[in-house]
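Here's the structure, in structure tokens; my notes come after.
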Amino acid sequence: MKILFLGTPLYASRHLEALLSAGHMVIGVITQPDKPAGRGLRMVHSPVKDLALKNKIPVFESLKDFPFDRLTPDIGIVVAYGGLIKKKFLDLIPFGYYNIHPSLLPKYRGAAPINRALENGEKMTGVSLFKLTEKLDAGPIVLQVEISVDCFETFDSLENRMIEAGKKILCDFLKNPESFELREQDHSQASYAPKITPADLFVDFRKDSEAVKNKIRAYDSRPGARTFFHGEQVKLFGAVAIEKCHSGEPGTIVHIDDKGAYVTTSDGIIVISQIQFPSKKKMSFLSALNGRMLRVKDRFQS
């Protein structure tokens, strides 16, 4: 089958790479336009565009620019494209468009399912392959695979596991798409994972230890959970809840060792392994202590 691939970030490019490695015929790619990045604001290709150009695959920035009458794709594969597909385009491909989504639909429809699942402390999530319709992430399911979430999972580790699962079910599906039955979603069970806002990144140490831990791991390593320290915005990485009792104001550093900073919450203590100060690289709390950048009894603002 001739495949039209729609996707933008590294998450999507790894799925495209799997299709190419399996020998599938990708006749075109739709990806978001180049964006300015870095201090020099140099225009940068998306990871999907980079991979497509490397493999001499035609690249387009929107479906309206794609020559459907000349390239005639049989099926569309969508992975983290970053835009909705209008009905007039849905009808232009014989077999339709199929989307890989990192949640067990109908749960966590929307832009940030991995972050939101971790933030909510989910113990089970997964990957869904479904047929696109006009409504957001609401089309019938083709395949799903469950993925358990352990207490040490971070965004990075869970995303990597999601990618591996997504690559497998996508390649399994494309071996014989006609053999799979579609199953309608139970829309009454739908929940949503809205796009991350800057306010979502901030840690509130007045919450319980589990909530604080989940907030930090949901954005580890990118874009990084935030808090204020002596009026500066800092990022926090790696968190484990260890105690259910303490004394002291939430956000107070009560101890620092090679495991990290022991910080009070509303109901206990959480160990945070790394900190990143503005214009600095990530470092251990012990390094920050030795560099006199912080000390025991300092407090993060909530």
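Yeah, the Cβs are placed from backbone N, Cα and C, and that goes for glycine too.
Since we're looking at a predicted model, the values are computed, not measured.
For S103, L104, L105, P106, the entry in Swiss-Prot reads (6S)-5,6,7,8-tetrahydrofolate binding site, with the evidence type sequence analysis.
Overlay of Swiss-Prot feature records on the structure.
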residue	record	Cβ contacts under 8 Å, 6 or more apart
S103	(6S)-5,6,7,8-tetrahydrofolate binding site	R109, P113, I114, A117, T125, G126, V127, S128, A193
L104	(6S)-5,6,7,8-tetrahydrofolate binding site	M124, T125, G126, S128, Q144, E146
L105	(6S)-5,6,7,8-tetrahydrofolate binding site	S128, F130, D137, I141, Q144, Q185
P106	(6S)-5,6,7,8-tetrahydrofolate binding site	D137, A138, Q185, D186, H187, Q189, A190, S191
For (6S)-5,6,7,8-tetrahydrofolate, what surrounds S103, L104, L105, P106 with a Cβ no more than 8 Å from their Cβ centroid? H101, K107, Y108, R109, P113, G126, S128, D137, Q144, Q185
